[in-house]
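The disulfide bond annotation in Swiss-Prot covers 54-67, 61-72, 66-79. Residues or ranges marked as signal peptide by Swiss-Prot on the basis of sequence analysis: 1-24.
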C-alpha cells in the first residue's frame, strides 16, 4: 500500500512539473512574436515623418499650399489631384 501512495504522489508531482514546463514554454512563445514585431516596426529617428512646407494628398490646404502635383479643392479645402471635371 505504501508503494501505491508513493507512486501516486510521484505521478501527480510529475504531472504538475509537466504542466509548469509547458506553461513556461507557451508563455515564451507568446512573447517572441511580440518582441519580433516591436523590433521590426520600431520607429527609427531616420524614418520619422518630416514637417513639410506644403500639404500632401487629402490634407487641409487652408493655411498651407498644396505640394506640386496637387490642387486645393475649392469645395472641401483639401489637396487633391488636378482633373478636368474639378472646378
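Cβ coordinates are placed from backbone N, Cα and C, and glycine is handled just like the others.
In this structure, residue 54 (disulfide bond) is part of a beta strand by DSSP.
In this view, residue 79 (disulfide bond) is surrounded by 22 other Cβ atoms within 10 Å of its Cβ, with every protein chain counted. Shown are the disulfide-bonded residues 66, 67, 72; the one with the most C-beta atoms within 10 angstroms of its own C-beta is 66. DSSP assigns residue 79 (disulfide bond) to a strand segment in the three-state reduction.
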